[in-house]
Amino acid sequence: MLALGNNHFIGFVNDSVTKSIVALRLTLVVKVSTCVPGESHANDLECSGKGKCTTKPSEATFSCTCEEQYVGTFCEEYDACQRKPCQNNASCIDANEKQDGSNFTCVCLPGYTGELCQSKIDYCILDPCRNGATCISSLSGFTCQCPEGYFGSACEEKVDPCASSPCQNNGTCNCSPGFTGPTCAQLIDFCALSPCAHGTCRSVGTSYKCLCDPGYHGLYCEEEYNECLSAPCLNAATCRDLVNGYECVCLAEYKGTHCELYKDPCANVSCLNGATCDSDGLNGTCICAPGFTGEECDIDINECDSNPCHHGGSCLDQPNGYNCHCPHGWVGANCEIHLQWKSGHMAESLTNMPRHSLYIIIGALCVAFILMLIILIVGICRISRIEYQGSSRPAYEEFYNCRSIDSEFSNAIASIRHARFGKKSRPAMYDVSPIAYEDYSPDDKPLVTLIKTKDL
């Protein structure tokens with residue numbers, strides 16, 4: 001019993017032609033008669049893994065529904081032509097896989113080309129018709145419609161009017177322009193003489209035409225175009241004519257193909273540290289800010305190099321300036337002033353002293369004076385409080401403790417501060433609504449004339 005699958009046999013046959021025994025290798029594929037349940041059609045051994053297996057109980061066998069491009073009882077054959085890829089009624093031939101990956105070849109009908117025979121052949125693309133004839137392309141080839149006086153498959157031959165000997169009595173038959181020979185059948189090749197100076201000669205009927213190179217024109221391409229006639233150059237530039245072109249020679253301050261761009265001298269100049277660029281003709285110059293130098297103003301001037309500080313003062317360089325740290329006894333921007341406190345030279349020293357130094361000294365004296373005045377006032381207040389300590393008059397006690405009673409008594413307080421406290425005067429009572437103020441006023445006069453006297 002044969003096993004399922006491929007079974008290989010080797011048989012020997014006696015070949016009567018070669019008078020020898022020939023060995024033959026046979027392959028027998030054994031398949032089951034029904035589909036194996038539970039398997040997907042992609043792995044069906046019955047259909048070579050390329051089809052769906054369907055059991056036919058009535059016939060005790062099965063059938064295969066093959067995938068696209070697979071044929072055969074068991075889907076064992078691959079047919080690339082099954083989907084009919086060739087166009088325009090071309091024939092498809094199944095073949096082994098080619099380099100481009102296809103498995104078929106299309107044999108085109110006449111007049112078609114392409115891998116799938118999808119394109120018509122244009123037989124007129126090579127311009128086979130001569131002497132101004134019209135080319136008509138068809139599936140079978142091309143046809144030339146010749147102009148009058150020409151014939152032939154490509155209209156290459158001229159009708160010879162002298163061939164029939166129309167001239168009698170020894171008359172001479174003259175050829176038409178463009179033809180020569182005893183029978184006027186030979187076309188004159190005008191291009192053999194190279195009539196075109198700067199171009200290509202092409203025969204056109206019984207004449208020729210010159211196809212000029214770029215930059216030339218004329219019947220024989222003998223004249224050169226002058227592109228400078230259109231004045232393409234700007235800003236007073238000079239135009240130089242070239243073959244098939246021109247060149248603009250710009251003035252020094254302009255650039256560009258047509259000298260249309262102004263060359264700013266400061267465009268490529270880098271001025272640093274707040275400097276400005278000044279264009280002088282074709283050159284740009286940096287105008288440096290104070291304290292800087294160099295072509296690009298990138299160098300900070302060291303003002304201390306000139307030793308501006310005198311009498312041993314130390315110099316500290318600053319942007320656009322310097323500071324002098326003066327030794328003891330010397331002042332001024334450059335330590336040029338010597339502080340002398342002798343009486344004989346005081347006036348002279350103050351006269352030569354800078355104004356800002358005088359302002360500092362005067363300010364310090366004013367502050368000292370104010371401090372001494374405050375100390376004096378506080379001392380007077382303390383002495384007054386001690387002298388009148390124990391007094392039963394609350395108004396005096398409040399006053400000599402340096403307390404303000406009311407804004408209306410400001411003038412009275414000023415008078416009391418200047419009063420002599422050793423002298424007693426008669427008692428006086430003043431009514432200042434609603435405060436009763438009792439005081440001893442000197443010389444029997446009230447402290448404030450605006451205060452009314454209250455009868456005791």
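Yeah, the Cβs are placed from backbone N, Cα and C, and that goes for glycine too.
Please treat TrEMBL annotations as automatic predictions, because they have not gone through curation.
Bear in mind that the values here come from a model prediction, so they are computed numbers and not experimental data.
Annotation comment: TrEMBL describes 37-76 (among others) as domain 'EGF-like'.
Secondary structure from DSSP puts Cys64 (disulfide bond) in a beta strand. Taken from TrEMBL, the feature disulfide bond covers Cys47-Cys64 (among others).
Sequence annotations record features per position, and here TrEMBL assigns disulfide bond to Cys66-Cys75 (among others). For Cys75 (disulfide bond), the same-chain residues 6+ apart in sequence whose C-beta sits under 8 angstroms from its C-beta are Cys47, Ser48, Gly49, Lys50, Gly51, Cys64, Cys66, Glu67.
The residues of the domain 'EGF-like' (77-118), classed with DSSP into helix (H, G, I), strand (E, B) and coil, number 0 helix, 12 strand, 30 coil. What TrEMBL lists as domain 'EGF-like' is 77-118 (among others).
In sequence order, Cys86, Asn88, Ala90, Gly114, Cys117 are the residues near Cys108 (disulfide bond), counting only same-chain partners six or more apart with C-beta under 8 A. Summarising the annotation, TrEMBL assigns disulfide bond to Cys108-Cys117 (among others).
The domain 'EGF-like' annotation in TrEMBL covers 120-156 (among others). Below 8 angstroms of C-beta separation, residues 109-113, 176, 187, 204-206 of the same chain, each at least six residues beyond the ends of the domain 'EGF-like' (120-156), sit close to that stretch.
Taken from TrEMBL, the feature disulfide bond covers Cys146-Cys155 (among others). Sequence-distant contacts (6 or more apart, same chain, Cβ under 8 Å) of Cys146 (disulfide bond) comprise Cys129, Asn131, Ala133, Gly152, Cys155.
Averaged across the domain 'EGF-like' (158-185), pLDDT in this predicted model comes to 68. For 158-185 (among others), the entry in TrEMBL reads domain 'EGF-like'.
Per TrEMBL, the feature disulfide bond maps to Cys175-Cys184 (among others). In the shown protein chains, 18 other C-beta atoms lie within 10 A of the C-beta of Cys175 (disulfide bond).
The helix, strand and coil residue counts that DSSP assigns across the domain 'EGF-like' (187-222) are 4 helix, 15 strand, 17 coil. Per TrEMBL, the feature domain 'EGF-like' maps to 187-222 (among others).
Annotation comment: TrEMBL describes Cys191-Cys201 (among others) as disulfide bond. Counting only same-chain residues at least 6 apart in sequence, those with a Cβ under 8 Å from the Cβ of Cys201 (disulfide bond) are Phe190, Cys191, Ser194, Pro195, Tyr208, Lys209, Cys210, Leu211.
Per TrEMBL, the feature disulfide bond maps to Cys212-Cys221 (among others). For Cys212 (disulfide bond), the same-chain residues lying six or more positions away in sequence with a CB closer than 8 A to its CB are Cys196, His198, Gly199, Gly218, Cys221.
Here the domain 'EGF-like' (224-260) has, by DSSP, the following mix of helix, strand and coil residues: 4 helix, 13 strand, 20 coil. The domain 'EGF-like' annotation in TrEMBL covers 224-260 (among others).
Positions annotated as disulfide bond by TrEMBL: Cys250-Cys259 (among others).
Here the domain 'EGF-like' (262-298) is broken down by DSSP into helix, strand and coil counts: 0 helix, 13 strand, 24 coil. Annotation comment: TrEMBL describes 262-298 (among others) as domain 'EGF-like'.
Summarising the annotation, TrEMBL assigns disulfide bond to Cys288-Cys297 (among others). Residues near Cys297 (disulfide bond) in space but far in sequence (CB under 8 A, at least 6 apart, same chain), listed by position: Cys271, Leu272, Asn273, Gly274, Ala275, Cys286, Cys288, Ala289.
Sorting the disulfide-bonded residues Cys47, Cys64, Cys191, Cys259, Cys326 by the number of other Cβ atoms within 10 Å puts Cys47 first. All protein chains considered, the CB of Cys221 (disulfide bond) has 20 other CB atoms within 10 Å.
Here the domain 'EGF-like' (224-260) has Cβ contacts under 8 Å with residues 198, 213-217, 282 of the same chain, all six or more residues outside its ends. Within its own chain, Cys335 (disulfide bond) has Cys309, His310, His311, Gly312, Gly313, Cys324, Cys326, Pro327 as residues 6 or more apart in sequence whose C-beta sits under 8 angstroms from its own. Across the fold, the C-alpha of Cys259 (disulfide bond) and the C-alpha of Cys175 (disulfide bond) stand 60 Å from each other. Cβ neighbours of Cys250 (disulfide bond) (same chain, under 8 Å, six or more residues apart in sequence): Cys233, Asn235, Ala237, Gly256, Cys259.
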